[in-house]
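Heads up, the thing below is written out as structure tokens.
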Amino acid sequence: MSATASVATRHDWSLAEVRALFEQPFNDLLFQAQTVHRAYFDPNRVQVSTLLSIKTGACPEDCKYCPQSGHYNTGLDKEKLMEVQKVLEAAAEAKAIGSTRFCMGAAWKHPSAKDMPYVLEMVKGVKKLGLETCMTLGRLTQEQTQALADAGLDYYNHNLDTSPEFYGNIITTRTYSERLQTLAYVREAGMKICSGGILGMGESVDDRAGLLIQLANLPEHPESVPINMLVKVKGTPLAEEKDVDPFDFIRTLAVARIMMPKSHVRLSAGREQMNEQMQALAFMAGANSIFYGEKLLTTKNPQAEKDMQLFARLGIKPEEREEHADEVHQAAIEQALVEQRESKLFYNAASA
């Protein structure tokens, strides 16, 4: 963090104010975002997470963007919940190549009572490896939320996806208020929140602004804000949707950074379609977190060694864990910058 004066954290953003941010000249917007970013973060550090699909396919939700929905024929087979030991093996590999947070995702509307004990064991096991833990399991009850917190879960991911106004065009099987209720349960249980959205689903700029307003006007900002670019998958209703303009995507990252100055803004799904120049602009706009590994649940992600090569060219280093920044782990992270390793344990949910 630089000596730049801290920027006030707000929870009262209006649509007119956020529109004005989006309408700034591109260079002015990036300058403002970078100034805000430097007030709270080292601009040359990026937090690195790994995401694993622990249960794939046949989700009862009808999210139009998702290849895991049981409503669409995307060629993705239904798979059972992964064994706890296999999850821990993948987590150990993730740590070895530099990840500091391990995220586990399941294609559920909500976790069942029979699966919860295994999920809790996954959390406990990953924590013992010295990694931060994150899960995305769908809607939670208050009791399930507390059980995850008691097991030591650090983050819970539950995206809002888009604005309340556009939401009904994308999902009908879960309400916006249900998503907000799950986030409230997570906060009440003392866990950190990971929540963001997706660009490229046919939404307007006002919808992008509306999503960010919902997140920034929560009583506390999410600690992590993933901004996804739609990955178009054949068989889903959004497979033929128009591509997001790269500059519009960067603008959204920059506005998210300005509105939520203390949050990690994650450059999430869609990086496979981004060239190195676009990713560099994303970091300039204030993105300071990425998913690292071969897969994002069921879609491609840039290979880990390519990420580290890009980091080296840009002078970026992976962010250390504040609580567990031991010398051995940091040395492994630094070594990953110069080595080219292939991950053999990342779960490829879409493989034939």
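Backbone N, Cα and C atoms are what each Cβ position is placed from, and that goes for glycine too.
According to DSSP, Cys59 ([4Fe-4S] cluster binding site) sits within a strand segment. The [4Fe-4S] cluster binding site feature in Swiss-Prot is assigned to Cys59, Cys63, Cys66; the stated evidence is sequence analysis.
In the three-state DSSP scheme, Cys134 ([2Fe-2S] cluster binding site) falls into the strand class. The [2Fe-2S] cluster binding site annotation in Swiss-Prot covers Cys103, Cys134, Cys194, Arg266.
For 44-262, the entry in Swiss-Prot reads domain 'Radical SAM core'.
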CB neighbours within 10 A of Arg266 ([2Fe-2S] cluster binding site), counting all protein chains shown, number 24
Can you give me the Cα-Cα distance between Cys194 ([2Fe-2S] cluster binding site) and Cys63 ([4Fe-4S] cluster binding site) in Å, rounded to a whole number? 19
Starting from the Cβ centroid of Cys103, Cys134, Cys194, Arg266, the recorded [2Fe-2S] cluster site, name every other residue in that chain with its Cβ within 8 Å, sequence order please. Ser49, Leu51, Arg101, Thr136, Tyr155, Asn157, Ser224, Pro226, Ser289, Phe291
What average pLDDT is reported by the model for the domain 'Radical SAM core' (44-262)? 89
